[in-house]
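Since the structure comes first, as structure tokens, the remarks are kept for the end.
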């Protein structure tokens with residue numbers, strides 16, 4: 001989990017509009033979502049707890065979690081989901097289930113780059129971040 005800690009600035013996003021569309025996000029929210037480049041901040045809270053915060057001019061969301069334990073999360077598009085985060089072989093796996101669709105996010109750190117691959121059904125998005133702190 002150590003490799004994921006810090007502040008990450010989004011540099012590139014490919015296919016995010018299709019992910020939002022598949023999740024049923026309305027047109028206006030999709031357009032706003034495509035314009036912003038959020039920072040991702042991952043913090044160790046101690047005692048096996050972590051916080052993941054996504055900050056942008058459009059919206060800020062955060063969740064606190066323990067690896068391997070389910071928790072409730074509100075997504076940036078305001079869906080309430082049951083989430084689970086694990087780390088296996090250097091890959092952070094994040095599952096979000098809103099009871100109609102399941103979103104799978106895999107995050108991998110290579111040097112100062114974090115790559116998040118987002119999948120909903122057969123639709124795939126790749127978001128790339130660079131480490132800033």
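Every residue, even glycine, has its Cβ placed from backbone N, Cα and C.
As annotated by Swiss-Prot, hexadecanoate binding site applies to 107, 127, 128, 129, with the evidence given as experimental evidence. According to Swiss-Prot, the N-acetylmethionine annotation covers 1, on the basis of experimental evidence.
Sequence features, as recorded in Swiss-Prot, placed on the structure.
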residue : record                     : Cβ within 10 Å
1       : N-acetylmethionine         : 13
107     : hexadecanoate binding site : 24
127     : hexadecanoate binding site : 23
128     : hexadecanoate binding site : 15
129     : hexadecanoate binding site : 24
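A Cβ within 8 Å of the Cβ centre of 107, 127, 128, 129, the residues given for hexadecanoate, is found for these other residues of the same chain: 8, 10, 11, 40, 113, 114, 115, 116, 126. Distances between the Cα of residue 1 (N-acetylmethionine) and those of the binding-site residues 107, 127, 128, 129 are shortest for 107. As a whole number, the greatest separation of Cα atoms within the hexadecanoate-binding residue list 107, 127, 128, 129 is 10 Å.
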